[in-house]
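For GLY10, ALA11, GLY12, LEU13, ALA14, GLY15, the entry in Swiss-Prot reads FAD binding site, with the evidence type sequence analysis.
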Amino acid sequence: MTTQVVKVIGAGLAGSEAAYQIAKRGIQVHLYEMRPVKQTPAHHTDKFAELVCSNSLRANTLTNAVGVIKEEMRRMDSVIIRAADECSVPAGGALAVDRHEFAAKVTEYVKNHPNVTVMNEEITEIPEGPTVIATGPLTSPALAAQLKELTGEEYFYFYDAAAPIIEKDSIDMNKVYLKSRYDKGEAAYLNCPMTEDEFNRFYDALIAAETVPLKEFEKEIFFEGCMPVEVMAARGRQTLLFGPMKPVGLEDPKTGKTPYAVVQLRQDDAAGTLYNIVGFQTHLKWGPQKEVLQLIPGLENAEIVRYGVMHRNTFINSPKLLRPTYQYKHRDDLFFAGQMTGVEGYVESAASGLLAGINAARLLKGEEPVVLPSVTAMGSMANYITSTNAKNFQPMNANFGLFAPLEKKIKKKQERNEAYATRALETIQNFVNI
């Protein structure tokens, strides 16, 4: 048993997971979280693992790479996935959570661990000794400056945008219908169908609506998975019809026909009183935002309880700076985790924290840090962000394209994905007790 302490900076998804993994291995953790002493532009509470974008952790099935990464994490006792499973709300084939219950549960599990000491203060310098930096996309300016000095690399800037949340009672239920795309899983989404004329009116208003201005020195680089709806719309009138307003598989039961466009609403809390507008992340000003959203059939009188907002996201050039153990190449006892590493998504961020935490604990115990094979979802993510072309490095979600190729080619997509999943879960069993 070592008497050394690991400092974990940031109690988001990655930091909470890292702290838990280190603590459960018998090592003391000092977990630093600047909230509520200092807030970020996107957070609203002092809870750990607060979800600031969607409340969905995405697909839960093993034919999807993010479903595989979740199952790997379950088997490795992820505190984030355990809390998510316990706080889930209906979402078809996806794992969505009541965001308030989820954050409270993660906070409880991590804070109450006897090996975790929570420090509510801002860290402005990179500490000496074993450290995991998991400060996320909204790293404070002081620490960001230190990290820039440490790495010698310029940061990249892009923006994630959060979708509006509305009260269910303000939805005109006579104009919407309950259905999941292609009837997969339970009917979990409220669907707002649009005619071509309704879509065109909506589109024209969206394109003309005023957005919150960005600072001149910041480049607009959006990650495709969380792109503001107005930026997507600016690419062309048809773009939304192949994105968040895609109507295929969502036939209107009243007409038996597929609408011209569909806006989907997903349950956001366990009580089913709040719904978020799927894929409608935005940084429109609040007045125009309400006017545009009320052009959606069924939302004419929508009460918006949280407007869509936009915030900066920051990540390092991991191919140049990190090993697949999440260690900094030039300092063995310094680890990075979460979106700062260029993994994109809630689950991927937590997964990086899980592996960084395990390896920080192993380092203190005098054991070799683990590199997970790229036949696993977690290993494929770590491999990608540390070995891809550094020149054009961009954030990446979990996907089967990152996995090591199968020994035998399989033509059918579902069978191929099942083979990836089977191989990954068989392999991860060798690491569940590390």
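Glycine residues also receive a Cβ, built from the backbone N, Cα and C atoms like all the rest.
Long-range Cβ proximity for ALA14 (FAD binding site), meaning a same-chain Cβ under 8 A and a gap of 6 or more residues, is found for ALA134, GLY136, ALA337, GLY338, GLN339, SER349, ALA350, SER352, GLY353, ALA356. Neighbours of the FAD site: apart from GLY10, ALA11, GLY12, LEU13, ALA14, GLY15, residues of the same chain with C-beta atoms within 8 angstroms of the site's C-beta centroid are VAL8, SER16, GLU17, ALA18, PHE48, ALA49, ALA134, THR135, GLY136, ALA337, GLY338, SER349, GLY353. Annotation for ALA11 (FAD binding site): same-chain Cβ neighbours under 8 Å, separated by at least 6 residues, are ALA19, LEU31, TYR32, GLU33, ARG35, PHE48, ALA49, THR107, VAL110, VAL118.
With a 10 A radius on its CB, GLY12 (FAD binding site) counts 32 other CB atoms from all the protein chains. Using a 10 Å Cβ-Cβ cutoff, GLY10 (FAD binding site) registers 30 neighbours.
Neighbours of LEU13 (FAD binding site), defined as other CB atoms within 10 A of its CB across all chains, total 33.
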